[in-house]
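Written out below as structure tokens is the structure these notes cover.
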Amino acid sequence: MNLHVGIKANIAILFPPAPKQARIQRGNVLLKQGDIDAAESDFHAVVSATSFWRDRLILRLLYLLLSVLIKLAVEPRNVEVAAKVELVAVLRQYLHQAKSFFERKDYHSAEYYLNKAVEVRCSADSYLKPICLKWYCKHLMWDPSLYRLRAKCLESLGEVRKAIADMRTLTKLVADSTDDYLRIAQLYYGIGEVEQSLYQIRECLKLNPDHKECFPFYKKVKKLAKMKESMDDATAREDWMTCLEKGQQVLKIETKVSEIQMDIYRHLCRCNMKLGHIDEAIQQCTDVLENSDPNDVEVLCDRAEVYLMDERYDEAIEDFHKAYQVHGESRRAQEGLEKAQKLKKQAGKRDYYKILGLKRNASKRDVSKAYRKLAQKWHPDNFSDEKEKKTAEAKFIDIAAAKEVLSDDEKRAQFDQGIDPLDPDAKQGGNTHYHHGFPGGFMFREGGGPFSFKFNF
């Protein structure tokens, strides 16, 4: 009970001139605190006193004061108190039902009756309905046991955020809310909100710095929060290797809470994608989509990008298309879908990455290395047979073209968008044109003449 309000109400009873109004006030306070029996006693006392004086007036002045009696009988204050007496009986029944269902682990029904107790309305056929509707409010809003019980129901039903809301209300109603702050911190941690968990556990330590459970939990959450912050900073700097390392460290610390693990996998999905770790990226993206949010637009797009690297165009198109359906304003999803469709169409044509045996995330150094190796292998001078020489010549032309495109940032960007910059029929090919020259100074004559090559690697 709120001691200050309770004492004030009791003093009002002891000192006239308004004992009736004081009893009503105290009854209201007791009702909001959940002390239904005491509230009922005060309300009955008011109704009984009113009835007693009304009966005496009826006996003595029945025919002279009829109008006065009618006014007294329907005086709003008296009717309101009678409504509260009726309300007490209703609330008692609701609480009995709620506790009974809770003990039977029927949390849906228990929550239903607890909600009705907090915000009760008169039944539709009640003669007191007009008064109840006027007086409608939260009747047991100062009863901490009610919020604690409802929070347990909500937690059991998986409504963790609603449970947290009740627990936060509870901390304002009790003198020592140390354990309640600990529970709130644990609930936030369980849904992956590490920063909120850290804030709440600090509130616990403010009340009791030596709390045997709060301090160890605080150390764990603080360490994890610092690692997540480092991972976020690395992502912002596009330091993908550091991001990967920090994420793996978090997973070693937290092996049970799936929401935290899924949040880390979201980061690792992108980090591995940027690093070209195809198998790892696909696995982590898939874990998030299957176990957390199947409509996560960014994860869908990240996995689609990995599929493109692996030349799995149908899977990439499917992911980009789903992301675009979920969020039609996602420019990344729209452009990615168009890109994947172009690349699929391009797959039947000359693929410069395949010619050099490279993945789409290959560096310029990888391009140069692959080019040297293949150019030496398919050098036409290595073949004496005329038919083999013709085959080598065709391959050599493709190898040179691949080197030209993949070594040039602008041409490579066009090719990555599904446009062959060396294809004269490509309308978007810009001002580039295909030629039979070779990077590094390779030139040869057709028509059966001798080949002449100059290597400038």
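Glycine residues also receive a Cβ, built from the backbone N, Cα and C atoms like all the rest.
Summarising the annotation, TrEMBL assigns domain 'J' to 351-419. What TrEMBL lists as repeat 'TPR' is 178-211, 297-330.
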Intrachain neighbours beyond the repeat 'TPR' (178-211), with Cβ under 8 angstroms and 6 or more residues off its ends: 155, 160-161, 163-164, 167-168, 170-171, 217-218, 221-222, 224-225, 228, 257, 259-260, 262-263
Surrounding residues of the repeat 'TPR' (297-330) on its own chain - C-beta under 8 Å, 6+ positions past either end: 266, 269-270, 272-273, 276, 278, 281-282, 285-286, 288-289, 336-337, 339-341, 343-344, 347, 359-361
PLDDT averaged over the residues of the domain 'J' (351-419): 89
